[in-house]
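Undergrad: TrEMBL lists these features:
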type	residues	note
TRANSMEM	76-99	transmembrane segment
DOMAIN	82-254	domain 'Amino acid permease/ SLC12A'
TRANSMEM	111-134	transmembrane segment
TRANSMEM	155-176	transmembrane segment
TRANSMEM	211-228	transmembrane segment
TRANSMEM	235-254	transmembrane segment
TRANSMEM	374-394	transmembrane segment
DOMAIN	384-653	domain 'Amino acid permease/ SLC12A'
TRANSMEM	414-440	transmembrane segment
TRANSMEM	452-478	transmembrane segment
TRANSMEM	514-532	transmembrane segment
TRANSMEM	538-560	transmembrane segment
TRANSMEM	572-596	transmembrane segment
DOMAIN	667-784	domain 'SLC12A transporter C-terminal'
DOMAIN	785-1041	domain 'SLC12A transporter C-terminal'
Amino acid sequence: DGSPRENVPFVNNVEMERESFFEGKNMALFEEEMDSNPMVSSLLNNLANYTNLTQGVVEHEQAEDSRRRAAQTPRMGTFIGVYLPCLQNILGVILFLRLTWIVGAAGILESFLIVAVCCSCTLLTAISMSAIATNGVVPAGGSYYMISRALGPEFGGAVGLCFYLGTTFAGAMYILGTIEIFLTYISPGAAIFEAEAAAGEATAMLHNMRVYGTCTLALMAVVVFVGVKYVNKLALVFLACVVLSIMAIYAGVIKTAFDPPDIPVCLLGNRTLSWRGFDICAKVHGDSNRTATTALWGLFCNGSQPSATCDEYFAQNNVTELQAIPGVASGVFLENVWSAYADKGAYVEKKGVPAVSAPEESRDSRLPYVLSDITTYLTLLVGIYFPSVTGIMAGSNRSGDLKDAQKSIPTGTILAIVTTSFIYLSCIVLFGACIEGVVLRDKFGEALQGNLVIGMLAWPSPWVIVIGSFFSTCGAGLQSLTGAPRLLQAIARDGIVPFLQVFGHGKANGEPTWALLLTALICEMGVLIASLDSVAPILSMFFLMCYMFVNLACAVQTLLRTPNWRPRFKYYHWTLSFLGMSLCLALMFVCSWYYALFAMLVAGCIYKYIEYRGAEKEWGDGIRGLSLNAARYALLRVEHGPPHTKNWRPQVLVLLNLDAEQRVKHPRLLSFTSQLKAGKGLTIVGSVLEGTYLDKHAEAQRAEENIRSLMGVEKTKGFSQLVVSSNLRDGTSHLIQSAGLGAMKHNTVLMAWPESWKQEDNPFSWKNFVDTVRDTTAAHQALLVAKNVDLFPQNQERFGGGNIDVWWIVHDGGMLMLLPFLLRQHKVWRKCRMRIFTVAQVDDNSIQMKRDLQTLLYHLRISAEVEVVEMVENDISAFTYEKTLMMEQRSQMLKQMQLSKTEREREAQLIHDRNTASHAAAAARTQAPSTPDKVQMTWTREKLIAERHKHRDASVSGFKDLFTLKPDQSNVRRMHTAVKLNDVVLARSQDAQLVLLNMPGPPRNRQGDENYMEFLEVLTEGLNRVLLVRGGGREVITIYS
C-alpha cells in the first residue's frame, strides 16, 4: 500500500537488524511490514525509548423526535382573563392577616426592603415569562407548558410538579387563613378544643385549626368536584371582596388624618396587656367618696383588697392607656421605622416608655400580657411574606382561554404586579404611619379585644375587612383546588412521568377526578401542620423554584439565539432573566436553607426519574439547543490538536453486513462492541446498501431502523450511518473515509471475517475484505477482525473463568495490550485471566525477553501471565508444500473463470459501442490506466500477462531484490509461517475464551490477495473465537502517568 506510517521512535532503531529478520522463514508472513512494525523482541530491547503519542476521545448524546400538542379555543381578554385573576391571587391572606405584624416586627425600612425584593423577583420573572409566552402560541397548560417546551421534558416535569405542589400547599395556606379568621375574629366561641390554662391556648388553637381545616377542605373538594363552573362564576364575587377591603383600608387611613378612631390600648409599664378578663385599664377606680380595686388588680394580686400581695412588676409600674391608631399626622411613623425583633414568649413592649424592671423569677402564664408566639427575624419574615406575591402565573395558567395570549399575558401580568406592588408598598408605609408599634406587633389583636388590627383601621367598619378577607381567602382556596388538579392532569397527559398516567383520566367532561383526590390528600398534609407561618415557607420554596426555571428558560433561549426565538414582547434581556434567577435562588436559601435543599432534592429526583424512565419527547427545547451548542464548541476545541495517548480509547466504526431483508447478519458484532466500549467514547455503526439512493431510499430507512433497534437491544450507545453505494467496495471505503465529524471520528474499524469467501457464487467478498484492510492502513486506523463472530458471547452471558490469550508477534502501537484490559471491564469477561505470549527467534534471549515483557506490563499497570514461545527453524514440511500447491491451483482456476466472464462482457461491449470505440478506449485509458479489464479489446492469455506485467507495482522490484525468490517460493515461506504459528497457538490457546492475534498486512502486490486470505485462514484454523488485530501505526498505551 506504500503509505508511510506515523514515525515511532523505537520503530526506526531496527535498521541494522532488518537483514537478520528477513533471513528466517518463521516470520515470513509479517516480513513486508518489518520496517514499520518491529518484532516484539526488538521492541523490548528498546523499552527505554517508549514514548507517548496521541489519539482522541469524545463523548456523545442522542435524542429522538415526538409529536406536539394542540391548542384550545380562546375566549377572554386582558382585563378579565389575566389582570383580575392575577390581582385576586396576589392580594390575599398574608395582606390581611400578617402584613401589619411584619411591619411591626421588621420596621418600615426592612419591611419595605422585603416587599421590594419579593416584588422585584416576581417582576423579573414576569418579564421572562412574557418573552416565552409571546414566542409562539401558548396552548392550555400555562407555566408548565412554557417551561417544558423551553427547557425540555425533564425540567418541564420537575418544575411542573414543583409548581403543582406549590399550588396545592397554597390551597392549604388559604384554608388555614380562612379558619384563622373564622375562629379568631368572627366566632371565637365555635372552638371545639378549649384550653384550661392560658399556656395551652396555642395548642388548642392548632387542634381546632386541624379539625375545621379538614372539614373545610372536604367541603371545598366536594364543591370543586360537583361544580367547577360555579367556582369560576364566584371568582368575580371573591375579587370584589378583595377590592372593597383594600378600598376600605385606604379610606380608613385618610380618615385617621383628621379624625383618628378612639381605640385604647392598655400598658403596664412598657408591656402591652391583652384585654382578657378585665374591662377598665386601671389598678383602682372610684369616685370622691371611695376607691375600689379593678378586675385587673384581681388578675395580678392574690385578692381584691388594696392590701393584697401583688406581682412585683405590677406593684412598681403604672397602668397607662394609649391610642392604638393615633393617625397619619401623629408622628408615630418615626417610632416604627426600625425593627423590633423578639424571641418566642417575649413581652410586646413599647419603646421609649419608662418602666421599673422586676426580677423574672417565675412567669405566670395567667397574667394578661401580649407575648410573641414565635421568634422573629428578617429571613423568617421573607419566607412568610413571599406567598403573597406568588399569584403571577394566574393569567398564563388560563392561556388556553385567552383571545390573544401573546398580547394579554405580558400586559395583564406586568400591570397586575405593578398594581399590587404599589398596594403592598403603600400599605407598609401607611400602616407604619398610622398604627402604634405595639399594636402592629400584636399578631392576633389581643390588645384590641381580639379584633383584627387591619380591620380596626378600615372605614366604615372592621367587619368589611373581616368578611371581605374571609371570602377572599375562601375563594383563593377554591381556586387553588381547581387549578392544581388541572396542572397535574396536563403533566400526566403529556406522558413524561409514567407513574402519573392514572391522574390523566377523569370524568366524561374531562374534570380531573383522580388528580383532585391526590391534591386533596397533599393539601390535607398542609392543613395538619395547622400553622400559617409554618406552611408559608414551604410553598415559597416550590414557587421560587418554578420562577427560577422560568428565568433560566428565557436566559438560555436568549443566549442561544435559536432561530425560532422571536418573542413579540421586546422588553427582555438575558441579564434581567439571570438577575431574576439569582434572586429566586438567593430568596430560597434566605427563607430557609433546609427547605431549599429539600425542594431541590425533590426536583432533582423527578428530573432524574423522567430522564431514565420517562417517555422520549422532542419539543425543540432550549436544553437540546444548549447541548448542540456545547457539542459544537467541544468539537471545535478538540479540533485544535489530538489528545494525549492517555486519553486514547478505541473510537469504533462497526461495519455490519445486511441480508436481503435489510436485517443485520451478525448481531453478536454489536454485543462485542458494547463489551469493548462499555458506553464510553464514540461508536458509529455503519453499513452499505448496494444500489442508487433514489431507488433504495425506503430500504435504506428500513435498514437504519433495524440497526437502531438492534443497537437498543444490545445496549450499544452510538450513532448509525448507512450509505447507499453502487457497489459494496466503494461504500465501505466512503464510510472509512468520511464517518464521524471533525475530531469526533473513528480510529478503529471492527468487522466480521467473511466466512463465505471460498464460495464460488461470492467471488468478490474476499476482494472487498482485503481492500478494506488496505483502506484502514492507508487511513492510519486500527482494524479488528472478529473470526467466528457468531460464537462470541452475548451481553447476558458471563464467563466463570478461562483465559484471554494475546499472541504478540509484532508491535504496532500496543492495541493488543489495551483490548483485553478494556474487555475485562465488562461483566462478560471480568473473571477471565489475561495471558500474553510472544515469539522468540533462534538468536533471541528468551529469558531476557520474558523479564523485559514483565517489566513492561508492570509499568503499564496490567496484570497478566507472560510466556515466551521459542520457534526453532526447521525444514518446510511436505504438508506446507501441498497446502501451497492447492492454494495456487485454486487461485489459477478463479482467474480463468473471471477471464472467460470478462471476455464475454467485453465482446458484447465492443458490438454495442462499435461507432464510438476509439473515443471510449481513449477515455478508459485516461481514467484508469492501472485497471487492465477496463480497456476495450478482446482478451487473450498473452495479452493479459503482458498487461499485468506492464502495470505491476514498482515497489515489488525492491522487495524481490531482497529475497531473490520465485513467487511460489515466497508463498511457500508464508504458508510455512502460518502453519507453524497455528501449531504453536493451538497447542497453548485452543481452550482460551478469546485469542487476540497480530493480523499480517496484505501483500503489496495485489496479485496475491486470494493467497493472503488462505494464509489467514490457515493461521486461525481450529480456534473458536479469534480477534485479528492490526494497529493504526501510532502508540495507544503508555507507561507514563
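Please read every residue number as a count from 1 along the shown chain.
Every residue, even glycine, has its Cβ placed from backbone N, Cα and C.
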Undergrad: Within the domain 'SLC12A transporter C-terminal' (667-784), count helix residues (DSSP H, G, I), strand residues (E, B) and coil residues, in that order.
TA: 56 helix, 25 strand, 37 coil
Undergrad: Which residues of the same chain, at least 6 past either end of the transmembrane segment (414-440), have a Cβ under 8 Å from a Cβ in it?
TA: 82-83, 86-87, 90-91, 95, 99-101, 103-105, 107-108, 111-112, 115-116, 119, 122-123, 126-127, 130, 246, 249-250, 253, 256, 265, 267, 272, 322-328, 330, 332-333, 335-337, 340, 348-351, 370, 388-389, 391-392, 395, 447-448, 453-454, 457
Undergrad: Under 8 Å, at least three CB pairs between the transmembrane segment (111-134) and the transmembrane segment (452-478) (pairs 6 or more apart)?
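TA: Between the transmembrane segment (452-478) and the transmembrane segment (111-134), which are separate recorded stretches, there is no contact, as judged by 3 or more close Cβ pairs.
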Undergrad: Looking only at the domain 'SLC12A transporter C-terminal' (667-784), report the model's average pLDDT.
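TA: Mean pLDDT, the domain 'SLC12A transporter C-terminal' (667-784): 84.
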Undergrad: Among 76-99, 155-176, 235-254, 374-394, point out the range having the most Cβ pairs under 8 angstroms from the transmembrane segment (572-596).
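TA: Going through each listed stretch, the top one turns out to be 374-394.
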Undergrad: Are the transmembrane segment (538-560) and the transmembrane segment (155-176) close enough to be called in contact, which here means at least 3 C-beta pairs under 8 A that are separated by 6 or more residues?
TA: yes
Undergrad: Using a Cβ-Cβ cut-off of under 8 Å, list the residues of the same chain that are 6+ residues beyond the ends of the transmembrane segment (76-99) and lie near it.
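TA: Same-chain residues near the transmembrane segment (76-99) but 6 or more away: 173-174, 177-178, 180-181, 235-236, 238-239, 242-243, 245-246, 384-385, 387-392, 394-396, 398, 401-403, 407-409, 411-413, 415-417, 419-420, 423-424, 427-428, 431, 443, 452, 454, 465, 468-469, 472-473, 475-476, 479, 532-533, 536.
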Undergrad: Counting only residues 6 or more past its boundaries, what in the same chain has a CB within less than 8 Å of a CB in the transmembrane segment (514-532)?
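TA: Contacts of the transmembrane segment (514-532) (Cβ under 8 Å, skipping residues fewer than 6 from its ends): 93, 97-98, 165, 168-169, 171-173, 175-177, 180, 206-207, 209-210, 213-214, 217-218, 221, 224-225, 480-481, 484-486, 488-489, 492, 502-503, 505-506, 538.
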